[in-house]
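Annotated features, as they stand in Swiss-Prot:
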BINDING   24, 81, 120, 456  (6S)-5-formyl-5,6,7,8-tetrahydrofolate binding site
BINDING   226, 245, 247, 250  K(+) binding site
BINDING   226-231, 245-251, 270-273, 335-338, 359-361  GTP binding site
BINDING   230, 251  Mg(2+) binding site
DOMAIN    216-379  domain 'TrmE-type G'
């Protein structure tokens, strides 16, 4: 790739005061900057302690300097790191000294961008750096580290290699018709295609769990008025986040609360009670509730266990299942178990539906069952050494690849159209390439790296 030859510099540590602060320099002038600031030639990859001086020889600070000649560095270029005291004034003086020596101020994420452009890491690994820095739980940090070490990229590369092999076979048959390869008769293409589709489905499922751990799961609390939805929100949040009264329709708008369960991020949304109403304000609240239901990763359908309607909770609101047609993402909460006499428990039906009996007001064991259930929904129990971090962008690319393979299979089996299959295979490979950066527009790269910290 065409990598810019300018030398860049930035403060690489977080803003504020600390024991240690780092100024990072990358580019062809890094070695010259090291000699000017330290006053001597630095031995590569060794720590050198001494004063950092300005152009007049005045000491700015003292600390450790590290010099990494390219290509054996993070960016693939010559890199200098100055580790001094972590005061903002001291660090700014060091940075200004580097700029005086010919560097320019780095853009956000430009160090990682140069590492990507110099093939030191791929795009998924570069994004994992930001994910590791921003991780909100230990599990999310571990997943981001595995992605940084290439776990996700290797899965994508393996899929890409299989697609390339399949494309070679298909396109050879198209280009050399005298070989008379019958795609359907020999079954080879279909077997290879189905193998790739199965593996892609597994990667997509695991990436979805990785994205939930990174971004957090949106949990919508829905149900009839006075079912105890706001009490459940307060119980999960551990504070009085919502007003609770005996008056039906107290909650008239969506209320959002961001919480963590064992370090795992959840975005909990309390909604207006679902019912027919003539009140204009409450009607708007119901419409917003239905919209939130449609956007949820998980729905907690709360019913009052003491009410007759609890026997058939999914008949409470006709539009409910229309708004969220996937029943697998609905957890039934039988609330007020302290009044109904229901035992506190979690039950899973033969079709996979989960029902939890609890008392939101009393908390206790029932609330703990719900917390464990939500952790399981996020993949907390399924994480392993093969887990990795993923982003919504990655999921879109994987879905695009999956759709292309499904379309290509239909073209082959229904019409025997090898040419159309070849095009679908090409599109699937391109979609996978967008994950690692093999196929990425400049606009996409700009958006990704601009979200990084300066100095990263």
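Including glycine, each Cβ sits where the backbone N, Cα and C put it.
Everything Swiss-Prot records as a feature, shown here on the structure.
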residue	record	DSSP (3 states)
24	(6S)-5-formyl-5,6,7,8-tetrahydrofolate binding site	strand
81	(6S)-5-formyl-5,6,7,8-tetrahydrofolate binding site	strand
120	(6S)-5-formyl-5,6,7,8-tetrahydrofolate binding site	coil
226	K(+) binding site	coil
272	GTP binding site	coil
336	GTP binding site	coil
359	GTP binding site	strand
- Query: What binding-site residues in the list 24, 81, 120, 230 lie within 10 angstroms of residue 272 (GTP binding site), counting C-alpha atoms?
  - Reply: 230
- Message: Using a 10 Å radius around each Cβ and all protein chains in view, which of these binding-site residues has the most neighbours: 24, 120, 229, 336?
- Response: 229
- Message: On the 0 to 100 pLDDT scale, where does the domain 'TrmE-type G' (216-379) sit on average?
- Response: 78
- Task: Name, in the order they occur in the sequence, the residues of the same chain whose CB lies under 8 A from the CB of residue 81 ((6S)-5-formyl-5,6,7,8-tetrahydrofolate binding site) and which sit 6 or more residues away.
- Result: 12, 22, 23, 24, 25, 65, 66, 68
- Looking at the binding-site residues 226, 230, 359, which one has the fewest other Cβ atoms within 10 Å of its own Cβ? 226
- Work out how many Å separate residue 120 ((6S)-5-formyl-5,6,7,8-tetrahydrofolate binding site) and residue 230 (Mg(2+) binding site) at their Cα atoms, rounded off. 50
- Reported as an integer number of Å, what is the Cα distance between residue 230 (Mg(2+) binding site) and residue 359 (GTP binding site)? 12
- As a whole number of Å, the Cα atom of residue 226 (K(+) binding site) is distant from the Cα atom of residue 336 (GTP binding site) by 11
- Mind giving me a neighbour count for residue 272 (GTP binding site)? Other Cβ atoms within 10 Å of its Cβ, every protein chain shown. 27
